[in-house]
Amino acid sequence: SYTLNYSLFPFFTLLYEQSEEFGPVFIQEPDDAIFSLDSDDKKVIMNCEARGNPVPTYSWLINGTVVDAEADFRYSLIDGNLIIHNASEAIDYGRYQCRAENSIGTVQSRDALLQFAYLGAFSGRARGAVSVREGQGVVLMCAPPPHSPEIIYSWVFNELPSFVAEDSRRFISQETGNLYISKVQPSDVGSYVCQVKNTVTNARVLSPPTPLTLKTDGVMGEYEPKIEAHFPQTVLAAKGITVRLECFALGNPVPTITWRKMSGNIPKKARLRKSQAVLEIPNIQLEDSGSYECKAENTRGGTAFRGHLQVYTLPQWISMINDTQLDSGEQLHWECRATGKPRPTYRWLRNGEPLNSQSRVEMVNGELIIHRLQQADSGMYQCIAENKYGAIYSSAELKILASAPVFSTNPIRLIATVGKDVSLECRPRASPKPRISWRKNDRRVQIMLLRNNTLRIINSSRSDEGSYVCRAENQFGSAELTIVLLVKEPMRVELSPIRVEVTVGESVVLSCKVTHDPSLDVSFLWLLNNQPLNTQQEGGHFEYIQTQSSTADLMIRSILLKHAGKYGCRAQTSADSVLAEAELLVRGPPGPPGVVIVEEITDTTATLSWSHGVDNHSPITTYNVQARSPVSLGWQTVKTEPVTGNMESAMAVELNPWVEYEFRVVATNGIGTGDPSTPSRAVRTKEAVPSVAPANVRGGNGRRHELVISWEPVSEEFQNGEGFGYIVAFRANGTRGWKEKMVTSADSTTYKYRDETFPPLTPFEVRVGVYNNKGDGPFSEVVTVFSAEGEPREPPSEVQAFAISSSEIKVMWKPPNPGPGRPQGYEVSSWKDMEQEEMGKKKRTMGNETTMLLTGLDGNTQYLISVKGFNSVGQGPASSPIKISTKKNAPSLPPGNLMWIQEGNNVSLSWDPVKARDNESEIIGYKVLLRQEGRGHSQVMRTPNSAVVLTLPEGGTYIIEVRAVSEGGEGAASAQVRVLTSSGKLHSAQTSLKLLRQLSNIVCLKPISKWHRSPSLLFAVVASS
């Protein structure tokens, strides 16, 4: 056997492509371009690229004239791209074509139009004023400057950025640029400036102003419309673009514009813009062609304008020409076809030059026929389809062949089997076609020669073995092919078992044994239903086992239903291929039944039918009917009579009325339950009187004199029909007649009844029923519900307030007397003496607390305070306001001139006393805070004096600060003192200083004359803030 290394194919292909010559083929052709004359870079690039072997060279045409890039310095070529330096409209505007050429031939690109974008300036000459009567129409001319390409018009009123807003009375034509005012009003008087914007460069220029004034000789009376702006009588539009048709009229009253298409309807995609003055048709198609009419009407009359819209299409290819190889002397027949409106015409190019009809050349309607081809006819051909709106090109290479016969493979060894027909092919590459002859063992043979020069041997035998030679010959030379034919005994294949039945999940082995000529190698291929079996994609269910060269087994594990079918074992040698087949039947759960059909539906039943599905070789025993609705949790089994395997219908019972159901059927056999059928179409059961009463009827809360009744709504599943609602019935305890109220919303959960006559917490008997369009359903059980106790009726009593500090007041009160309207909490209002209560603050308790601390108040200020109770119904009355003043503010100055010294583990600290100002609270003492650096917790020491002794543990850095304390709160903090204790010694420094190594070099020394005397005290350190 022989093995071919396919990994070398890309390499061989690459070598072949590099060596084979072919003509130029465009990769990129030049496109239409618009170049801005305002651009800083005065350079235009027209792109062109082609592939070919040999590599193509390039040249360019402008309006049909060859560009001489060497003689004109403004042009340069880089690869195929044409670069134009210092481009100008006068010289360079026009149509450009690229030509690509190599030794095979020349091709010419499509046309590309080069345009230039610019926007000139308006004439500087002043524009005269336009004077009209009030009510008269007017047209203000824009007279735009020279420009290319399109521009956008707008009008400025008086000064920027005030632009004229278009409406039914005012219109700006994007065709003429003029401003049309159908009926002038006094508010229109002013100065008007036309602004134009280039769509490519975005440049803008403004016209001189045009003043609009009103004449004083009267007001213009009413007059019939006159159309001043309209689309052309013939509009030409390319298929696929958006078309805008304009129509605007002057008139008094302001005319109304309407549109119609004379034959048929205006396209649905069309849109009316600018108060119907513009009909816009996007993505226009051929069927949108026709006559369109705009009509302007007012109470004085009407007028109309009609024009024709013509849609044209550029040529588009239906069929194109392809590269062709023919022998010399044969006939070439090419045909290209294109659509377009107008219908395209055709012309042909050969190597970029026009091809004309002559004795051997015919050109008719896109067909090219060349008789008796010659070597000179080789080259690049182009078919051009064109109408007046554009042209398209199709290119192909014609190659004329002329070569002696060549055989790609020689000799060939061919093996056949006894009794089979054998075909010996002889297909050399040659041009023109060669003459063919055969011989065997150097003797001429005439067994059976077919038209394609194939030698056919019928019912081959051993005697047919030998060497066969095919000779091919033409005017350029000759060649021979040798075929060595060997004839072997045919192969026999046996596959067992031929037919086998298994159950899903079981395993089976198919064995394939071959009898063949021992000189030949045999290979095996397994098939399932005539398709090669890919064990990699079957999830490990299949395994090939080959223990001998002539035997191959296929093991199928954990069989699935999809594994059933016809298995084939194909044994193949270089001489023969034989297929043996076996059938595998798989028993399993049933397949899905056929589509379920709802035959009849009532309020609680559904008659269903279906067709049998496959039983997978095990008889179906039962069917199970399932249903689902929008309110069910997926599919649920519904109640039916027993449905045996031979039945194809059933009645589902005990369904809910007026519920939309889908039904499906599941089949079961002795092996298991199969997949469900496709669901039926959704059907709704008939309506019925409701059968389920509301649950959890209860009540309470509400405002005074209200009875609030609530319940859990009945789900849609149990409403049983349209027009579902509730009947709320109630009566005071001890009375006989029921009051009934209808609640028409199925989603309602509450009903409120108000009666000023019954006192709070009056007991009522309550029940809630249901109804729908079919009638009344059941009521719930009777429950007792109390009417609302209402909002609190009395204010809290004994309200007191105490000033805690300059910003805090504590308020205390007692609850109101027990009774209806019990508070669930309290709201405290506080406001300054000179303010309204609404300007103050309100704060609520978390529950029934009877104290509250008010914070964030201003110092030395008198406040009024009142308290009111509230509950879920509302607020009760407020207590009478009481007055209370906050304490004066805390001292604003911090303790100063801090001094501290060390004595053992103690730090003695002193400071200058703080003096309160007139508007500040008197000092009642000081608070000293001590904390270890890095920890949040502080030790606090209070003292009435301006000195204190602190005991510090050994080790660590401590921070000390002092605050003055008054009735108004704590004052500002002193400068912080940092004290470092290490090895039983204390070091100190101001907060901003680092740890001191030589304390005496940095700290300020001060005599200790004010301190108590001690022999161990040498100096004191003074810290100031």
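Cβ coordinates come from backbone N, Cα and C, glycine included.
Nobody curates TrEMBL annotations by hand; they come from automatic prediction.
Ranges compared are 334-359, 672-697, 828-853, 880-905, and TrEMBL records region 'Disordered' for 672-697. Residues 504, 588-598, 601-604, 606, 608, 610, 613, 616, 624, 626, 628, 635, 655-666, 709-714, 718-722, 724, 726, 766-781, 783, 785 of the same chain, all 6+ positions outside the region 'Disordered' (672-697), place their C-beta atoms under 8 angstroms from a C-beta of that stretch. Residues belonging to the domain 'Ig-like' (405-482) score a mean pLDDT of 86 in the model. Taking H, G and I as helix, E and B as strand and the rest as coil, DSSP gives the domain 'Ig-like' (24-115) the counts 4 helix, 50 strand, 38 coil. At the 8 Å Cβ cutoff, the domain 'Ig-like' (24-115) and the domain 'Ig-like' (315-399) share at least 3 close pairs (sequence separation 6 or more) and count as touching.
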